[in-house]
Ligand SMILES: N=CN[C@@H](CCC(=O)O)C(=O)O
Ligand SMILES: [Mn+2]
Ligand SMILES: [Mn+2]
């Protein structure tokens, strides 16, 4: 670029405050050597969604929204500016072969985890189908895994009606013997969003359900403390799966399956912040954000904020 004062590449921010670092600046492309800390992996797949979804565009939108935050937490008086978030990029889906795409997701995430044993992966969906691949890879590398799933839905649908979709990831994991039912805890399950057959399937398989009434009665923090305590006595690591439709529609307009009566964003934020203090929590995904449905990037921005909260208490 020719050296003319005030003439900058279009991609550069138009204003730089010398006292502020933007959270987007923490993203550092993986250089191939073993990384530590939080590592982002994009899993841009939403052709597997039952409802119309553009969630494949979420990894890009969420990364962009990191630039709307600074690195400073006023609550903790802590600046994250010297930390890095390793960006592993996005996994390339096959255009038409969804099973091939899901296999690729397993293989790539497995290889990233094997070559970076100390990273805490944050996988950005994509619709919720990606969690079946991601948790399968996670278990291959880390051993028995317990799951804390934030979701309005069980995602335990039968596989005969539509094959592996965003409604089936936890059914696939149970039927594939990747996890036991007792290693899955579902938080935020809500009315008129599920079928009795699937709630019964959850109960018969020992899955612990905290409905929205439980969240309102006990508080997310107490539920998470109980969940971490239960899981850590049974498994070697905990994976958190955040389906953003666990939130009330007022907080997550960019999810395909929005509805009323869900969690508020503050409870989810505090919950993720608490989970970031738990050494047994070794991975997370954020799914079901569709930037094409979103309003003023509210849902992508909240997803980016959750990543920062997840980073906040890491050494
Ligand atoms: N992960 C989302 N699962 C929901 C929504 C499915 C959809 O409509 O796309 C479910 O199975 O009901
Ligand atoms: Mn859901
Ligand atoms: Mn889901």
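Backbone N, Cα and C atoms are what each Cβ position is placed from, and that goes for glycine too.
Note that TrEMBL annotation is computational and uncurated.
What TrEMBL records for 128, 151, 153, 155, 243, 245 is Mn(2+) binding site. Residues near residue 243 (Mn(2+) binding site) in space but far in sequence (CB under 8 A, at least 6 apart, same chain), listed by position: 128, 149, 150, 151, 152, 153, 155, 255, 287, 288.
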Q) Other than 128, 151, 153, 155, 243, 245, which residues of the chain come within 8 Å of the Mn(2+) site, judged by Cβ distance to the Cβ centroid of those residues? A) 149, 152, 154, 166, 246, 257, 287, 288
